[in-house]
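Novice: Look at TrEMBL and you will find 1-38 tagged as compositional bias 'Low complexity'. Residues or ranges marked as compositional bias 'Acidic residues' by TrEMBL: 81-94. As annotated by TrEMBL, compositional bias 'Basic and acidic residues' applies to 112-162. Residues or ranges marked as region 'Disordered' by TrEMBL: 1-96, 108-162. The feature repeat 'WD' is assigned by TrEMBL to 191-225, 235-276, 321-353.
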Amino acid sequence: MPRACATTSSASSRMPPSIPSSSTSSTTLSTSMATRLTPASAGNNYIGDSDVLEKNNGISVYNIPQHEQKKRKIEKKTEAAEEDDDGMDKEETENPATDAWLMKNRKSPWAGKKEGLQSELTEEQKKYAEEHARKKEEKAGGEKGELVADKTTFHGKEERDYQGRSWIAPPKDAKASNDHCYIPKRLVHTWSGHTKGVSAIRFFPKHGHLILSAGMDTKVKIWDVFNSGKCTRTYMGHSKAVRDISFCNDGSKFLTAGYDKNIKYWDTETGQVISTFSTGKIPYVVKLNPDDDKQNILLAGMSGKKIVQWDMNTGQITQEYDQHLGAVNTITFVDNNRRFVTSSDDKSLRVWEFGIPVVIKYISEPHMHSMPSISLHPNMNWLAAQSLDNQILIYSTRERFQLNKKKRFAGHIVAGYACQVNFSPDGRFVMSGDGEGKCWFWDWKSCSLQDPQMSRGSLHWGAK
């Protein structure tokens, strides 16, 4: 209802004393026509439209009940909207791409639901909601990984020879070290047995007479190198692909990290699982402290941006290193194992004091890329980091951990692939796989590229 002009009479000369004052009909007057206001005549105390006064029973904007006032405002807006709709083109109001349709179908947040609106989610919306909930659960950590029955299969003839020696014992003629290494010239042997891709390979410590391999088929296999060249034992205990593996110092035990969020500690000889660890996050890398008296200390780089440290004797988490902004990809011990270096998806390197969750060196530049693989030179003074901009960078392991700008190895294509980089045992060569099925070799001193070796595969993940 439009606001009207209203006047009240008091003891002044405007109102005769004989007319009593009233809070309803005699004190106010409402009108919707301001142009009709006329001067008051003698004996009349109202100014405005008398017809509107009678229609509204003498109620004005000053004494109208609040609920009635709201009701009239809504009716007025509705009438105005209907008038606007009548003036719109019918084709425009039916086309959702026009402003006319938006104005016609505009709705306040407090309006009631219209009949015929969708009350249930479509199949596509349900699928999106489920996917969003799954990702949210993974990000939050959620439950620990799914556990499956641990199994092992021995493929050899006998687990012990006639002298009682275990099948993992090195041959008598095996050397503990290599004095001089050469670049391979031809393919000598291929180990086949995994039904899917191989994610990591590790030589048996010191002698290298066995090779441990982790597969995307959830299995871990160990192969004979010196004699038969066949698979000796298969370890089955993960429900999803195995991401990383790591031997202890003497090779009698090893660790596996799977995408099922579990870390398992195996007995190499018997194939039995000794311990299982999980935080509800995917472990990307696992390492044991290299010191002989600290082989019970396990470090794992997780998808949740943390490095988690366990005491395997008690099964308890003893430390968490939480500074990275992305998933942790590598853990490399340096400086006589008093420190370790980590790389992450956040495109940075961080140096830590073992046992102290404080970064002592932070390496990050605008031009840096993620480094999914890092290897330590045999002389312990240099780190080779596989950068995803198709080059291998060298960092010092001394106090300042500086980049060696004089040494840079390039020529291979690894962008988008977490290909491993490594050194020859004598430190004379740097080697790496690539995304085109080649194995690349560089001379360590001159940084010159040697002839790359082709392989039958389409991608080289690891090189040892």
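Glycine residues also receive a Cβ, built from the backbone N, Cα and C atoms like all the rest.
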Novice: What parts of the chain pack near the repeat 'WD' (191-225), using Cβ distances under 8 Å and only residues at least 6 beyond its ends?
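Specialist: Tertiary neighbours of the repeat 'WD' (191-225) are 156, 168, 170-171, 174-177, 231-236, 238-251, 254, 256, 258, 266, 268, 420, 459, 461-462, 464.
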Novice: Do you know the DSSP helix, strand and coil residue counts for the repeat 'WD' (321-353)?
Specialist: 0 helix, 19 strand, 14 coil
Novice: For the repeat 'WD' (191-225), jot down how many residues DSSP puts in helix, in strand and in coil.
Specialist: 0 helix, 18 strand, 17 coil
Novice: Work out, from DSSP, the number of helix, strand and coil residues along the repeat 'WD' (235-276).
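Specialist: Each residue of the repeat 'WD' (235-276) counted once, the result is 0 helix, 23 strand, 19 coil.
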